[in-house]
Amino acid sequence: MNVQSATKYKPYENPDETNLCQEETNEGEEENSEETKSKFWILTALAAGVFFGLSNIFVGKASHFGIYSREVVSVGALAFSAGYAIMQALYGLVCRNRSIRVEDKSPGVYEVGTGKINWIYCLCIMIDGVLTFFTGVLIILSFRLALYGNINQGLIAALFSLTSVYLAVYSWKFYDQDLNSFHFLGMLLMVTCALLISFSKKATQGAVVEVYGEIIPEISPVWGVLVGIITTLLFFCRTILIKEYHRRFKVDPMKLTMHSYIFQGIIMVFVVFSQELASGSVMRDNILGGGFGFLGNALANHATTKGYVGPAAALTNIQVVLQVLVNAFALRQVPNAMQIVACVCGICGSLSITIGLSVWKKLFK
């Protein structure tokens with residue numbers, strides 16, 4: 001679709017009536033309608049949350065050893081290409097395509113028809129790759145600080161729901177979406193979540209915590225919360241980048257994910273293996289964390305581009321519950337009462353922002 005033909009956009013009113021970034025052209029309306037009629041994006045969003053949770057668990061375990069592991073690329077482009085091919089095949093089956101090999105006419109590294117390098121697409125994957133790289137670094141740092149603060153790492157994952165707040169403000173600013181009472185309630189709950197985690201326990205002077213057999217001086221949980229909040233800003237930037245690029249150029253989110261991972265792999269392969277050699281640890285956790293992270297990102301990109309951004313982001317919050325439960329049993333990081341309330345506030349705040357008004361209208365219409 002010609003980008004120049006889409007210059008005016010319909011204000012975003014609510015998730016039931018229109019899609020975020022919906023274009024006011026006949027072609028755009030038809031495409032968005034076809035995308036959102038299918039509910040497959042709901043399943044992909046939930047699956048993304050599960051894979052994110054599994055990825056966070058392995059990343060959290062590796063965080064103590066200083067290894068950047070969220071998107072490990074030790075298996076190179078082969079694993080990414082295989083993952084992309086599997087997701088494309090599944091999508092083709094869901095769309096009831098007789099042939100799994102769907103003809104790909106979406107933008108890529110080379111322009112369709114001309115074979116010339118698509119510099120805009122290349123710039124997009126480079127920006128996304130860099131953002132994902134630094135997001136991964138901050139994720140593992142926040143998990144490490146939570147580990148040294150002796151708090152459940154799943155609570156840090158709960159803070160990642162702050163992305164919903166940024167998306168609500170973004171929609172209000174650029175798409176004329178009114179901030180209703182559910183948005184303000186969600187923001188209040190998210191702020192409460194961050195404050196409760198920060199003050200849920202105090203690090204006493206001289207206190208220590210045992211981490212995988214090592215004795216580490218205990219630190220304040222405020223540091224983990226602070227880095228977690230900064231991480232959410234990068235989450236927000238990535239979500240908007242992918243959504244806007246898909247809206248403007250109709251790029252395939254799976255293809256974008258694959259190329260972005262290959263690019264960032266070039267950046268971090270040296271970091272991964274240099275730290276691997278320095279620590280002498282096993283690659284198992286890193287490979288699992290990276291693999292689950294890739295699948296989570298691919299599914300999340302599909303959900304946010306084919307469905308509604310807010311609800312899709314909310315559904316991935318299942319990762320918080322999964323990580324909190326696993327860490328509580330495996331690492332004996334049992335949350336105290338204040339931390340449990342904080343976790344509930346984080347999840348409820350995200351749900352209130354993204355689907356609160358829609359659910360209210362359906363229940364009381």
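Glycine residues also receive a Cβ, built from the backbone N, Cα and C atoms like all the rest.
Given the structure is predicted, the values throughout are model-derived calculations rather than measurements.
According to TrEMBL, the feature region 'Disordered' maps to 1-33.
According to TrEMBL, the feature compositional bias 'Acidic residues' maps to 24-33.
Within the chain, the transmembrane segment (40-60) has long-range Cβ neighbours (under 8 A, six or more residues past its boundaries) at 69-70, 91, 94, 136, 139-140, 143, 146-147, 153-154, 157, 285-286, 288-293, 295-297, 299-300, 302-303, 306-308, 311-313, 315-323, 326-327. Here TrEMBL flags 40-60 (among others) as transmembrane segment.
What TrEMBL records for 72-94 (among others) is transmembrane segment.
What TrEMBL lists as transmembrane segment is 119-145 (among others).
The annotation transmembrane segment is assigned in TrEMBL to 151-170 (among others). Note on the transmembrane segment (151-170): residues 53, 56, 60, 142-143, 177, 179, 183, 186-187, 190, 193-194, 197, 200-201, 221, 224-225, 228-229, 231-233, 235-236, 239-240, 309-310, 313-314, 317, 319-328, 331, 333-335, 339, 342-343, 346-347, 349-350, 353-354 of its chain, located 6 or more positions outside it, place their CB under 8 angstroms from a CB of the stretch.
TrEMBL lists 182-200 (among others) with the feature transmembrane segment.
According to TrEMBL, the feature transmembrane segment maps to 220-241 (among others).
Residues or ranges marked as domain 'EamA' by TrEMBL: 223-354.
The transmembrane segment annotation in TrEMBL covers 261-278 (among others).
Proximity of distant same-chain residues to the transmembrane segment (337-360), defined by a Cβ-Cβ separation under 8 Å and at least 6 residues beyond the stretch ends, is recorded for 14-16, 151-152, 154-155, 158-159, 161, 164-165, 167-168, 180, 182-183, 185-190, 192-194, 196-197, 199-200, 310-311, 313-314, 317, 320-321, 324. What TrEMBL records for 337-360 (among others) is transmembrane segment.
Mean predicted confidence for the domain 'EamA' (223-354): the pLDDT average there is 76.
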